[in-house]
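J.: According to TrEMBL:
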- C26-C149: disulfide bond (DISULFID)
- C63-C69: disulfide bond (DISULFID)
- 27-169: domain 'Peptidoglycan recognition protein family' (DOMAIN)
- 38-175: domain 'N-acetylmuramoyl-L-alanine amidase' (DOMAIN)
- 1-21: signal peptide (SIGNAL)
Amino acid sequence: MQSNTLLLLLGLIFCINHVSTGKTECPRIKLKRQWGGKPAKSLTYQVRPINYVIIHHTVSDECSEFLKCAAILQNTQTYHMNDLDYDDIGYNFLIGNDGIVYEGTGWGVRGAHTYGYNMNGTGIAFIGNFAEKLPSRSALTAAKKLLACGVKEGELDRNYILLAASQVSSTQSPGLILYNEIQEWDHWSLVP
């Protein structure tokens, strides 16, 4: 009985400390091996903290559950590696409508998401097509948590610049509706 009381007390102290220190809660991230991703052909590491975050959409089916998201991610990685001859899936992170962040190349590894911004940028793609509607609220929340976590962990510069892919390359990504949404987020910049 005493050990249960002690564990409960320690858990309560941890929760109070977590809330009172204002620590950023990182989102749930499924690692590449968890969604069935293949290892990269090679890795090029980035100097951190990263200065740019580029938002994309995959222009694929959407997904709201793990198995469907995993299948889309596996197909995307195969296309990027086999057809486009990338070293890995192009994005650092991808986010499903299930509110889960899926690791692509991850933090600190160069992706192949935006020409001219791969070495000092993190590419985050929402899984689906968001030209005419927004991703789910849980997906948007997960993205904001990922950004805050990146700053807290020293992966992103605390003054990073948030951009839509369409601002820096000839693409419609991340879709007009999502592009309008991210203009309201912290760190968004009209000028790259």
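Keep in mind that glycine also has a Cβ here, set from the backbone N, Cα and C atoms.
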J.: What is the Cβ neighbour count of C69 (disulfide bond) at a 10 Å cut-off, with all protein chains included?
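T.: Total other Cβ atoms inside 10 Å, all chains included: 23.
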J.: Identify, in sequence order, the residues in the chain of C26 (disulfide bond) that are 6 or more apart from it along the sequence and have a CB within less than 8 Å of its CB; answer 'none' if there are none.
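T.: The list for C26 (disulfide bond) reads K145, L146, C149, K152, E153, given in order along the sequence.
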J.: Report the member of C63, C149 (the disulfide-bonded residues) whose C-beta atom has the most other C-beta atoms within 10 angstroms.
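T.: It comes out as C63.
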